Amino acid sequence: MDDEEETYRLWKIRKTIMQLCHDRGYLVTQDGLDQTLEEFKAQFGGKPSEGRPRRTDLTVLVAHNDDPTDQMFVFFPEEPKVGIKTIKVYCQRMQEENITRALIVVQQGMTPSAKQSLVDMAPKYILEQFLQQELLINITEHELVPEHVVMTKEEVTELLARYKLRENQLPRIQAGDPVARYFGIKRGQVVKIIRPSETAGRYITYRLVQ
């Protein structure tokens with residue numbers, strides 16, 4: 001892949017990551033959300049083959065709007081298939097900086113031992129893996145994907161009381177669903193899905209993540 005194409009891909013991927021962080025409630029500047037390809041090149045370079053940028057240059061650290069101590073890293077490992085050594089380096093950095101959540105944007109995937117280490121570190125450290133291919137477009141901007149809103153515990157309690165339901169009576173959505181993964185929705189959370197409706201203006205459904 002030539003430099004121009006690779007730079008374009010890296011820009012698109014990082015832009016989706018910025019939108020994802022923003023949509024999860026983390027503080028991202030408007031400049032970060034709106035960064036053009038030219039601005040990306042000015043900041044990071046346009047010659048990936050010469051290490052400008054190296055993937056590690058694209059690392060992101062964001063703090064949550066509601067709680068500045070709730071921070072999240074986004075790592076871009078250099079190696080196409082990520083091994084356990086890299087995961088240990090990331091985990092050490094997270095420990096040093098007292099950060100418990102990170103996203104890892106991988107080119108081709110992870111080795112079985114690296115994948116297992118993510119499972120072993122949860123729930124103390126939450127590391128989520130995304131394939132860069134998944135991030136070339138923002139799935140939530142697709143016209144067929146309805147708006148998803150993660151509900152607070154209070155909103156869920158109110159919803160169940162209003163309809164006299166138990167939580168396990170709600171329809172389900174898988175935690176591995178692409179939109180659920182984008183928002184970082186965990187098992188046991190409830191998501192409100194808002195679809196446009198020709199008759200009612202909008203049609204709302206609720207799903208329990210499993």
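Positions of Cβ are set from backbone N, Cα and C atoms, glycine also.
The Cβ of M1 (N-acetylmethionine) has 10 other Cβ atoms within 10 Å, all protein chains considered. Feature annotation from Swiss-Prot assigns N-acetylmethionine to M1.
Positions annotated as SUMO2 cross-link by Swiss-Prot, on the basis of similarity to another entry: K81. K81 (SUMO2 cross-link) carries a strand DSSP state (E or B).
The number of other Cβ atoms within 10 Å of the Cβ belonging to K81 (SUMO2 cross-link), over all protein chains shown, comes to 13.
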